[in-house]
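What follows is a set of notes on a single structure, which appears directly below.
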Amino acid sequence: MEAADASRSNGSSPEARDARSPSGPSGSLENGTKADGKDAKTTNGHGGEAAEGKSLGSALKPGEGRSALFAGNEWRRPIIQFVESGDDKNSNYFSMDSMEGKRSPYAGLQLGAAKKPPVTFAEKGELRKSIFSESRKPTVSIMEPGETRRNSYPRADTGLFSRSKSGSEEVLCDSCIGNKQKAVKSCLVCQASFCELHLKPHLEGAAFRDHQLLEPIRDFEARKCPVHGKTMELFCQTDQTCICYLCMFQEHKNHSTVTVEEAKAEKETELSLQKEQLQLKIIEIEDEAEKWQKEKDRIKSFTTNEKAILEQNFRDLVRDLEKQKEEVRAALEQREQDAVDQVKVIMDALDERAKVLHEDKQTREQLHSISDSVLFLQEFGALMSNYSLPPPLPTYHVLLEGEGLGQSLGNFKDDLLNVCMRHVEKMCKADLSRNFIERNHMENGGDHRYVNNYTNSFGGEWSAPDTMKRYSMYLTPKGGVRTSYQPSSPGRFTKETTQKNFNNLYGTKGNYTSRVWEYSSSIQNSDNDLPVVQGSSSFSLKGYPSLMRSQSPKAQPQTWKSGKQTMLSHYRPFYVNKGNGIGSNEAP
C-alpha cells in the first residue's frame, strides 16, 4: 500500500512507470534500481531522481536548468505522463534527452504566437457542454451596412470541448492491471485517472485529502505548459492565456496574473452577461418575428380585400360594357327593321305600278286582235284619248350609317384602354410600387415617421425652408379650405408684402367671417428689426404663435412589453406611441 501511495504521489501508476527513466553508462539504473524486461521500479527515489536531474539538466539550456528544476531551496522532479492505454501512439510527451519529442497540439499558447482564445478546462462536476458545439440553423443576416455587432466576440474552439466530452466516456483507469476499468475521477496532483476501486485511497486516505479530483480527463498534456512542461495553474490577464508558475517569472514577468479559478470565475461572469444579452436579443427577435407574423397576416387580409374590390369593380365594369353592347345591338336591329320596312313599302308600290302596266298591255293586245278597220280605229281613238306616258320610276338611296361603326368601335376601344391604363398606372404608382416597409431611423436623429405623417397628409416636406408655403397649410381657420400660397417676389417677407399676402390668403370675401389678424411688433417694425431665420427667408415665427411648435415637455412614451419579459425588461428597447390619436404602439 505504501508503494502504491508513493507511486501516486509521484504522479504515475505502478503500471505507468516503465524503463523510460535515464540510465547510467552501463545501461542499468543507478543506486539499486532493478530492471525486469521493459518495466522497472526505482527502489531508491533519491538516487534515481538525482540521475534523472543530471540528464535533464544537460538537455536544458544554460540558465534554464536551475530555474526549471529548482524552486526555492527544494529540487522538484518534472512530472512526466506516460500513457499505458490503447492511445499510447497518440500520446504527447517530452523527451528527457532532447526536450523536443512530440509537440503538444496546444503549442500555439506559448509566448510569441498569435493570441488565441484562452483554453478552459472542466471543473468539478459534469463537463460543461459548450454552447458553441451545437449545430446551428443558417440564419439570414438583418444587420444593416455600417452597423457593428455589439456582441461580437471570438468564437471558442469547439474541438477542445468535443474532445473532452467524447474522451470522458472512454477514459480508463491508470492503476488497473490487465482488464482496465472505466475511470470515474481524475486527480490533478497525481496526473492519473482512477476507477471506483482505486479511487478509495483518495476518498479515505488523509494523504490525498488535498488532491483535486475532477471528472475523467483523457489528455493531461493539454493542462501542461508547452514550454516548461508544468501544470498551468495561472492565467495571464495581459496576454489572456494559461501559464505555469515558471512562465510567471520568465516570459510573463511583470504581467498581471491570477489563478485559473479566479480567471474562470471572471470569465463565467462575462459569459453570464453575454448569455443574458443573447437572451434579450432572442426575446427581442421573437417579439419582432411575432409582430411581423401579424403584419404578414394583415397584409394577406388587406390584399384579399383589395382583390375582392378589384374583382367586384371589374365585374361591374364588364357588366356595364355588356349592357352597352346590348344597347348598341338593339339599336342596330331597330335600324335594320326600319330600313326593311321602308324597302317593303317601295317594293309594294313598284308591284302596284307593275300590275297597272300589265293591265294596259293586255288592253292593247286585245285591240290589236280586231280585224275590222273602222272598229279598230274607233277603239284606238277612245284608248288614246285617256292615255298618258307612265311616270319615271323614283330613285332611292339607302343611307347605311353603320358603315363607319367598325372604325367608331375601334376608336372607342382605344379610348377605353387608354383611360383604363391611365387609371391603373396611377393606382400602381400610388400604391403598388410604393415601398410599404421602411426602416425606422429614430436612432439616427429625429422621428422620421412623425414627419412622414404630416408630409403624407399635406404633401409638403418637413425639411422645406421657412417660407409661407411651408407654414400656410397649418394656418387654415376652422371651417375654411386649406390653401398653400407662396408669392413669387423675392421680397415677399417685407412688412407690406407680408400683410398683403395674408390679406389675399385670408380675406373677407365669401362666406368666411371677417377676422382681424394681429401681428407681433417684430413684423410691424422696420425691416431692420426683422429677425433672420436660419434658412432662405426672414420669416418671423414670433408673429404667429400658432406656427410655433409646442415646447412643452413630451409625455413619457408608452412602452410595449411582452409577457416573456418579466425579467430584464429594462434592457428592452421600447416602441414609441407618437400620439397620433389612435392609441396604438407602433413597432419600428
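Each Cβ is built from the backbone N, Cα and C atoms, and glycine gets one as well.
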(message) Going by Swiss-Prot alone, which of Ser13, Ser21 is annotated as phosphoserine?
(response) Ser21
(request) Could you let me know which of Ser12, Ser23, Ser28 shows up in Swiss-Prot as phosphoserine? (result) Ser28
(request) Based on what Swiss-Prot says, identify which of Ser489, Ser552 is the phosphoserine one. (result) Ser489
(message) Quick check on the annotations: Swiss-Prot lists zinc finger for one of 179-219, 220-260, 343-383. Which range is it?
(response) 220-260
(request) Annotation phosphoserine in Swiss-Prot: match it to one of Ser58, Ser141, Ser522, Ser550, please. (result) Ser58
(message) In the three-state scheme derived from DSSP, which category covers Cys247 (Zn(2+) binding site)?
(response) helix
(message) For a quick check of packing: other C-beta atoms within 10 Å of the C-beta of His252 (Zn(2+) binding site), how many?
(response) 20
(request) Work out, from DSSP, the number of helix, strand and coil residues along the zinc finger (220-260). (result) 10 helix, 11 strand, 20 coil
